[in-house]
């Protein structure tokens, strides 16, 4: 009976579904950690500027905090402007920089936070850690959904009659 019912199915397209139910919450966690990373990186930059001996590292951290901030507020732009609003057109480069590109950028940004030759303090290493964790979340963003085929029951197909003996 189930074989007869599946033969009436017609493929009508594809849709994207979550690979695991837990991934429903990953986007909120990723956004939260990204926003925290912005504040931690900016604060670490100010801390390094105040320490006077690490002024170049402090400038670097404040400079990278700016693009990280713009990248992390992208979800607000999409929420308030939609996909074709004037904000979205102005920030199209920022909004297109997502998933693997953003993850790799955060990883590259974090490298100088861990180099001993620059003498970073613990707070700078924590900022680098937040950048790495946020980068990993964006690297796996592409794997959250899978594409599955969708089917509809074809009403034009006549069900096969069962022969009685």
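The backbone N, Cα and C atoms fix where each Cβ goes, and this holds for glycine too.
Database features, via TrEMBL:
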type: TRANSMEM; residues: 28-46; note: transmembrane segment
type: TRANSMEM; residues: 58-80; note: transmembrane segment
type: TRANSMEM; residues: 100-117; note: transmembrane segment
type: TRANSMEM; residues: 123-140; note: transmembrane segment
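When each of 28-46, 100-117, 123-140 is checked for Cβ pairs under 8 Å to the transmembrane segment (58-80), 28-46 comes out on top. Listed by sequence, the residues of this chain that lie at least six past the ends of the transmembrane segment (28-46) yet keep a Cβ under 8 A from its Cβ atoms are 57-62, 64-65, 68-69, 71-72, 75, 106, 113, 123-124, 126-127, 130-131, 133-134, 137-138, 141.
The list of residues near the transmembrane segment (123-140) in space but at least 6 beyond its ends in sequence, with Cβ under 8 angstroms from a Cβ of it, reads 26, 29-30, 33-34, 36-37, 40-41, 43-45, 47-48, 54, 57, 61, 68, 98-100, 102-107, 109-114.
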